[in-house]
Amino acid sequence: MTSSPNDRTIRYYQLGDFELQSGEILTAAYIAYLTYGSPSNPCVLYPTWYSGTIVAGNEWLISTPEHPRRALDPERYFIVVPALFGNGESTSPSNTTGPKGGVNMPKTTFYDNVKAQHQLLTQGLGITDQIAVLGWSMGAGQAFQWASQYPDMVKLAVPFCGSARTSFHNWVFLEAVKGAILADTEGYCKGRYMEEKGQQPLVGLKTLGRVYAGWGFSQAFYREKGFEKYYGIEGVERVMVEFWEKWSTSKDANNMLHMLWTWQHGDISAQPLYAGKSGLAEADRRLSDRGLGRPGAGSQHDEDAFERALKGIQGKVLIMPCDNDLYFPPEDSQIEKDYIGDNAELKVIKSIWGHWAGGPGDSKEDAKFLDDSINTFFKQNDF
């Protein structure tokens, strides 16, 4: 079933009892998704990002009457926007109950998300032709995952402001985000805050927002008073409260922790096809709760597996980092490009917006640059 650009009805694809990479079962699992355009057109898959929802998080890059775009045009493409496990729309801690629901919901990897999305496309929507996949941040991680996990199906991939593997530095940042919630022991109640308190752990969520405040935008954005210029918020404390705490307290804590685990464990080499001697796909290695925090992480075996995974990508890849992104610097993207080889192009977004240059559309200049770049990339590759 498809939707028109004016139809914001979220649809759900039932996965049943879905086996995860860990071997655990996600009971009665489902993916929330929205489509734009006709299924007779080439398919573009555009997954959501950390905390992002389908319409509010992704529609800014899709051509609608409110904001025409050149690349993601429903008149030319069949655009499918699936939601991450844990975002509150697909199966998430906030919408599951029972012994394996809520805080006890089994952890999911990018591999699991992409496996489920592949089932949605091929079995649910009947798509068999090659696709393009793109995304921002965790959406970029899924784009890389798709291109390596299903190399025969991905003709084009455009990851922007994201990575094929979560770096040590990025992992450390996420430890602080996680710690903000877990340190609020009175409010978090070991994940049973709704049952015991009837509300979210607001102290922890506010602290999460303040941790994020130093990372989402660049130093230059703050130096040039970007919040005052673009959002009408004057003064750093008001930015903390009116932008960051407003965002973070609108989220569910367990959902945020679930998606954070997925992000921390992002690594396209942590799958049987590429892991080899690294053992990255084993439960006590990259997929363990410790992930990059374990001793021995980053060994030569790990690096060899990462290189194999990137070289396994068959489609063309346009990698678009931002020069001021504090999570995903262009230097990491250059390594990805070098491993992929001639099929990859690196195109840097030059912007003071930092990570926010890649979404969710607040920077009009960067949104246009992305739109134009993706449109050109599609046309150059006859898509």
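Note: Cβ is positioned from N, Cα and C throughout, glycine not excepted.
Note that the structure is a prediction, hence the values are computed from the model and not measured.
Over in TrEMBL, the protein carries these features:
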DOMAIN    71-168  domain 'AB hydrolase-1'
ACT_SITE  S137  active site, nucleophile
ACT_SITE  D325  active site
ACT_SITE  H355  active site
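Comparing D325 (active site) with H355 (active site), their Cα atoms are 5 Å apart once rounded. Comparing Cβ neighbour counts within 10 Å across the active-site residues S137, D325, H355, the minimum falls on H355. Mean pLDDT across the domain 'AB hydrolase-1' (71-168) comes to 97 in this model. Distance between Cα atoms for H355 (active site) and S137 (active site, nucleophile): 8 Å, as a whole number.
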